[in-house]
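Below is one structure, written out as structure tokens; the observations come after it.
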């Protein structure tokens, strides 16, 4: 799933006098096993395999359910409302693609990184994972930017062309994400032997340069460029909402800070670890025990980064009252009539005490929701929004 292969890329770890005697990858891996064994550190590989399997399984089950629900609910809505929903829908598709690749990684872990699925799947599974990983990050970035633009831009030109612009951006993201992994995937090969392994094997003489180039490009495109954009535009959106002083502005501001924090937690450890291991001995020198420690936990950190597939549906969908209402409506459709009537009654009762703003068309003024009060309550006056896009700009 990265430029750090499971067997550890050691062309830069071997001593110079031994390295001159190495002529192919098999000899290099054999030398590495001898060199690495000289660094003693008590780390239980069996425990790590169990932890990885459980972690992968939990992410797979929870992420699969969440993203399928997000896609189902938003597909029903996207034909009628577009708005920022398009980015959320595409991000869920990308996250689902990552989730669907997890069973292969789980089996690979349990087989101690023996690859049993042939040369084609070795490249394709890695390509499929990387393309969806970049897509998810890019759609998250586009969503952060577009949310701020939607909150601040009321020009007629934007109102007329925003649907077309969003569709073009989404298409461009998929194309870009399909191209970016190619330099890495081209050098992913199946190393034959009694226990074949799927590894990043760039040309032997220039392996260090290739590994560094791929690692730097992954960090730049996957973190250093998206993170400032996500942080800046979410902070700007939060400041904009706070100035408006709406009832829900505090909750929305906290959500936007949560978007930033979750992105950092998921991706910063992964990129720092990958860069340290790639730069080791060629540009920096790390102690033997630290290298051993980083290699041991790299796969756990890599797996931990996939938590964004679980966090994204929660942050951008399930915390939204409108999404939960649409999800309940979708569930009610498939319930038996009596249960559906009871669920519908509960949904109606809970929603009658909430005030909401409905956007009938993009760019139109908000209308007051029709309220039918119960004997114990009265209708509250509508909230006045300074922008007609607040409801649609906050998932």
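Numbers run from 1 along the shown chain.
Glycine is treated like the rest: Cβ placed from N, Cα and C.
Note that the structure is a prediction, hence the values are computed from the model and not measured.
Among the ranges 87-109, 317-339, the stretch that Swiss-Prot annotates as transmembrane segment is 87-109. Check Swiss-Prot against the ranges 192-213, 214-235, 346-367 and you find transmembrane segment recorded for 214-235. In terms of which side of the membrane each occupies, Swiss-Prot places residue 111 together with residue 280. Rounded to the nearest whole angstrom, the C-alpha distance between residue 329 (phosphoserine) and residue 198 (disulfide bond) is 45.
Within the model, the topological domain 'Extracellular' (110-123) shows a mean pLDDT value of 89, rounded to a whole number. Look at the disulfide-bonded residues 122, 198 and count other Cβ atoms within 10 Å of each Cβ; 122 has the fewest.
Sorting each residue of the topological domain 'Extracellular' (110-123) by its DSSP state yields 7 helix, 0 strand, 7 coil. When each of the listed stretches 124-145, 214-235, 296-316 is scored by C-beta pairs under 8 angstroms to the transmembrane segment (87-109), 124-145 comes out highest.
Every protein chain shown contributes to the tally, and the Cβ of residue 329 (phosphoserine) ends up with 15 other Cβ atoms within 10 Å. Here the transmembrane segment (214-235) sits against the transmembrane segment (124-145); at least 3 CB pairs are under 8 Å, leaving out pairs fewer than 6 apart in sequence.
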